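Accompanying notes for the structure given below.
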Amino acid sequence: MVALHTLLLTAFAAVSLANPIPAPELEARQIINANDLENGVCKPVVLIFARGSTELGNMGAIAGMPTCNALKLALGSQNVACQGVGGAYTASLIPNFLPANTNQASIREATGVFEMAHTRCPNSQIVAGGYSQGSAVMDNTIQDLPDVIKNKVKGVVLFGFTRNLQDLGRIPNYPKEQTKVICAVGDLVCVGTLIITPAHLTYTLNAPEAAQFLASMVSV
């Protein structure tokens, strides 16, 4: 486990150094939070997203905010509210090595966001997504939601699904046809390892695909 942890940290550092973010792009990525639910905004569709390990904000820049923006483009911004999972979900590296590929505090935090959507926006349809460790957070959370909430979750997208092998490409106790797993060629976390390759950082490219899937699962 220590060797894997070291390899994961080294890989993150190597990829970051090899691909420095230009200043204009870095500026654009400052918008990495979405708190519509917390701010009391209810719209026909609510997207709940859990970011990947080490990402800043509560949505992250690689898959979370791009998916939120693409879904707003697909359905109209007036129809989509976005909420990231923050708080106790700190997106730190160590929980990846636990049996659930995340920790219980993160799962409880995400569960609370789904409960918030259910109580504050009872007429909204819920869609969800997660990237990297965030995909494990969503997997573990959604499978144990009470049916009254789970039945409102119309679709889920999982990018770089760290439990893809363990859970056979699906979320247990949730309809497979309502789940889209997006795994890039060469992303080794999708085949049961925690080795980070450059492919694991490419999911911004898949945000439109993910948004189209989620849009097809709801009616507005």
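Cβ from N, Cα, C; glycine included.
The feature signal peptide is assigned by Swiss-Prot to 1-18, with sequence analysis given as support. Annotated disulfide bond per Swiss-Prot: CYS42-CYS121, CYS68-CYS82, CYS183-CYS190, in sequence order, evidence recorded as similarity to another entry. Residues annotated as site 'Transition state stabilizer' in Swiss-Prot, with similarity to another entry given as evidence: SER53, GLN133. Marked as active site, nucleophile by Swiss-Prot on the basis of similarity to another entry: SER132. The active site annotation in Swiss-Prot covers ASP187 and is backed by similarity to another entry. Under the heading active site, proton donor/acceptor, Swiss-Prot lists HIS200, citing similarity to another entry as support.
Within 10 Å of the C-beta atom of SER53 (site 'Transition state stabilizer') sit 23 other C-beta atoms, taking all shown protein chains into account.
Taking each Cβ in turn and tallying the other Cβ atoms within 10 Å, the top scorer among the recorded positions SER132, GLN133 is SER132. Of the listed disulfide-bonded residues, namely CYS42, CYS68, CYS82, CYS183, the sparsest CB environment within 10 A is found at CYS42. With respect to CYS121 (disulfide bond), the closest of these active-site residues in Cα terms is SER132, chosen from SER132, ASP187, HIS200. Sequence-distant contacts of HIS200 (active site, proton donor/acceptor), defined by Cβ-Cβ distance under 8 angstroms and a gap of at least six in the same chain, are SER132, GLY160, ALA184, ASP187, LEU188, VAL189. For the recorded positions CYS42, CYS82, GLN133, CYS183, CYS190, a Cα-Cα cutoff of 10 angstroms around SER53 (site 'Transition state stabilizer') retains GLN133. DSSP classifies CYS42 (disulfide bond) as coil under the three-state reduction.
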